[in-house]
Structure formats: structure tokens, C-alpha cells
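Undergrad: Quick one: structure below, then a few questions.
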Amino acid sequence: MDEDKYTRLVLEGSEYELLRARRGMFSRWSIPQKIRGCSFLLFAASAMFPIMFSLPGAVQERYLGVDIAATRVGFTVLTLLSVGCLVGSSVGLAILAGYRDRLDDISERQAWSLVGIEDLFSGLGLVTGLLGVVATLALAAIGHAGVETIDALVASGVRPYRAGPRIAVTVAAASGIAFCCAITVFVLGTFTESFE
């Protein structure tokens, strides 16, 4: 949102903008900016495949096998959960922006509800999604520390590259899903700017 427009709305006494500025989580960012932030996190999640593809050969041979793209590791489930949080919150924020745009006059009760819903979706996407993406990328990249580090983790009971459960997808599929969702969410953020 244009800074002058935001300042004008607050100074004019727009109930929603006043509440959003005082009580809203991440209130410095407009809804389209939050949606684009979710798309950037999705782009980051899609980096899992290149990170794993560039693991040292010894780590690949010992823990992942020959075909990295077809490997099913447990943390791809975390990737998909993160993608779900980010896409879900982006869609929710876009619907909220569209609904808010249709309202001519927002009462204090409606403003509280809108700010609460915006905070819910913002937290789901920007906090939960961020934590999931960071954890996924950390697990994918841990092999760059070498076979000795992975052996030490396995000896302590942590198996970062263990085979995933039945719902785990391949590394390439998880990265591909994250990338496609990132593009879609970025376009959604651009479309949502028309509501501002």
C-alpha cells in the first residue's frame, strides 16, 4: 500500500486502519506485501532440491543413493506442510482483502474481526511457514558439513536423511510443488494489489 494512502487513512480515522496500526501483527506490511512474502518463502523452499543435489558425493552415496531427485526423505512432509501453510494463508489474506474492499463503511466490530483474521493468516504464513521452510532447508543442507557430521547425528539418534513415511514425496516433487505454488502465490499477491 502507498505510504501516503496509509497515513491518510489513519489520519482520516478509518477504524480498520487505526486498529490495524495499533493492534495488528505485522501491521507495517500491506496484505499484498504479506502475500508476496509468502511467495518468497515458497521460492526458498523450492531450493531444497538444488541444495540436496549439491551435497558431497560421499554423503549422497552413503545416505541418499544415486538418484537424488527420486529420493524420499522424511522432511519432504515438513516441506509440504510449510507449503500448505503458506498457500493457505495467502489465499485467506487475498479473500480477506477482497471482502474488505467490498465494504463501504467498516464498523468497529467488523474492524476487530478483520484485524484478527488478518493476524491469524499472517501468523500462519509468515511465522509457521517461515519456521517450516528454515527447518527443511537446514535438514537438507546439513550434509554439506560432511559424512562425519551425519554419522555423529545418526549416532545420537537424529537421522536427517532417513526414508520418509508413505506420504513423503520425492525431493524433486516437493521442490517442484513449492516452486509452482510460489509462482501462483506471487501472481495472487500482484492481483491483490488491485484491492488496495
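Cβ coordinates come from backbone N, Cα and C, glycine included.
Those TrEMBL annotations? Automatic predictions, nothing curated.
Not my notes, these are from TrEMBL:
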TRANSMEM  35-55  transmembrane segment
TRANSMEM  75-99  transmembrane segment
TRANSMEM  120-147  transmembrane segment
TRANSMEM  167-191  transmembrane segment
Undergrad: Considering only the recorded stretches 35-55, 75-99, 120-147, state which has the highest number of Cβ pairs under 8 Å to the transmembrane segment (167-191).
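TA: Highest pair count goes to 35-55.
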Undergrad: Using a Cβ-Cβ cut-off of under 8 Å, list the residues of the same chain that are 6+ residues beyond the ends of the transmembrane segment (75-99) and lie near it.
TA: 31-32, 34-35, 38-39, 41-42, 45, 48, 114, 117-118, 120-122, 124-126, 128-129, 132-133, 135-136, 139-140, 160, 164-165, 167-171, 173-175, 177-178, 181, 184-185, 188-189, 191-192, 195-196
